[in-house]
Amino acid sequence: MFSISKPMPEEISIVITRGGQWPVQECTANEAIFEFGGREDAFSDWFAKWASTPEWFGSWTVWHGLMIMVDVIQGWSAGLITKEHSTSFKAIVQTLCYIFTMLVEDPVLGNRWGFQARELPSIMLAVILVLSAIVFQTGRHYVKVRERAACMEVQSSTGSDLSMPEAPQSSASELSLQEITEEPRQTGKPQIAVLLTSWKAACRKYFLIVLYILSDAIRNLTLAKALSSTSINPNSMTLVVYLTGVVIASGLTLYVEGCSGLKTAWNPWKILKCMPPGFLYALTSTLINMAFSQGMNAALALIIGKFYTPVAAIGAGWVLRKYYMWLEYVAIGILTLASMIFGYLQAFSPGSNPEWAQKTNSLRVAMLLVLGSSVAAAFNSLLTERILKGDEARYHVQKVRLDAACIISTMGLIPLIAVISSRAQDNPWALRPVDAACPQDSVCRQDNGCENPACDCVCASGIFAGWIPSAIGVIVLALTINTGYGWLVGKLVQAFSTVDRAIADAFSLLLVYFIGDPLLNATNLNNMCLNLVAFIVPLSTSIFAVASSEFQRATQAATLIEGKQTNETEASDSEETPSDTGDSDSDCLQCCDDEEAAFSPSKGWADGESGKRTLPSGDTVAPP
């Protein structure tokens, strides 16, 4: 035993006795030797040192206790999430928590690591992660339902002959039960012939999209080159493109349809019917020109212009009475955000302070104008789609009417743009330099600068001022490509949809970034952050492409499960079979009721699927 003999503030003297008789040793706590049964060991020495070190665990506060509670709760939650879902789902949840912690912690700690410069892309990336997690979990549920349907089909094929209740069918893809569970049955043709036929059909179907992507990328590059290296009026290029298009369409109509067909194409009432999309196109150009006159940056206009995609998807329900399922809206949201982040990172490096951010008042007006331009462009494309698909006339006949309407609208809005815009280049009646070689700081570039005696640049007025021989080469190239692009846009909208066109635009943006700019403008691809964000675009597009077909397969699988359970219930009620008959289907029928409610078409379609539902091919399905 031991006893404390001399308590002191800083040091305690300990007297160790044996049997309570005589002292064996008197020492301090730091030198105490504990003898138990006459033995000494390393643990006794360690315990002696630990007893004299009150700072072993440091100074504890209430926050440390709360941290322990949070860690314990987090450990339990991680285990429960892994048990109920999967390790992958737990990793997704942890990633989302890290991202949201960063969004809260960095600004609270005083703009840590330049948070203000990366705030906008960080928030948009966080939203993309949330939407991606929703897509991931939905896909897992789809797989479970289809696995149950496959199990039930295999067992019912060897036992009872239970038929699947009638499910909503699509004219684009009628999925039989075998398509859900098995490989397609042979229909007499060799398998290689069937594959070749399907591949040929797919190539013919998507060749137009690939051609549109290539033409859109080349168009953007040539148009940017033509407008930046010349001093032409931008609306003059638009007017000539439509004049060329209407001449080509009229000639083709005369060749194919004859004089009667040409007369039908130039029907005034049909042209008047095409005036709304023609006016909206001219309005789109007017609003974007007004935005540039307010000091809008071209890169920022591209970012805000991606608002076109969700507007087109939502507007399709109003204009065309076509509705997309909620998973397709999620894919569209991911695609839109990825495109906006891509444009933002390409234009503004982290930590920079761009010039446009200083012009607060004019920037707000310019942003509203760009948003208005995006809305007008989306509804212009939707109205064009309705006209092209609602008229049985051939495309070259419809092209005559659309181009004629655009010519009338463009000529009507040219004077309006001249009044609104502050640039002399947008005013066809103003004297302005016609050669791009004239320096930007020249007196000729000022208001009424060409009338100044000090001006030594060649000036002219008129809608076609600037179409000089030195610039005619690049102008003709841009004119040719834009005319062909106009034909492809109409064919694409007619064959597919406005939303498909918006998705194709995202791919053309990637083509310009990875191939066009490095070849023509000698840009580099050293920005790995921008490169990685660029790959989100094709991945989100693939989600949109397969969302509808996968949802339909899961819906029919859920219909099979519901019909199987209904037939089993009716059979048990009528025959009074024992509950422990050992039915081989019992394992497949054990599943959560929420999966059946989520995927059974008789219990309601997904949110936002009132009316008809749109498939990627453009066909529609009516809900039951």
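Cβ coordinates are placed from backbone N, Cα and C, and glycine is handled just like the others.
What TrEMBL says about a protein is an automatic prediction, not a curated fact.
Range with TrEMBL annotation transmembrane segment, chosen from 47-67, 404-424, is 404-424. In TrEMBL, the annotation transmembrane segment applies to 471-490, one of the ranges 451-470, 471-490.
It is 239-259 that, among the stretches 239-259, 471-490, 502-519, 525-547, forms the most Cβ pairs under 8 Å with the transmembrane segment (404-424). For the transmembrane segment (124-143), same-chain residues at least 6 beyond its ends with a Cβ under 8 Å from one of its own Cβ atoms are 85-86, 88-89, 92-93, 95-96, 99-100, 103, 327, 330-331, 333-334, 337-338, 340-341, 533, 536, 543, 550-551, 553-554, 595, 598-599. Residues 125, 128, 135, 325, 327-328, 330-332, 334-335, 338-339, 341-342, 345-346, 503, 506-507, 509-510, 513-514, 518, 616 of the same chain sit 6 or more residues outside the transmembrane segment (525-547) yet have a Cβ under 8 Å from a Cβ within it. Scored by C-beta pairs under 8 angstroms, the transmembrane segment (502-519) has its highest count with 206-227, from the stretches 206-227, 271-292, 365-383, 471-490. Three or more CB pairs closer than 8 A are found between the transmembrane segment (271-292) and the transmembrane segment (365-383), so contact between the two stretches is assigned (pairs 6 or more residues apart). Using a cut-off of 8 Å between Cβ atoms, the transmembrane segment (206-227) and the transmembrane segment (471-490) share at least three residue pairs, counting only pairs 6 or more apart in sequence.
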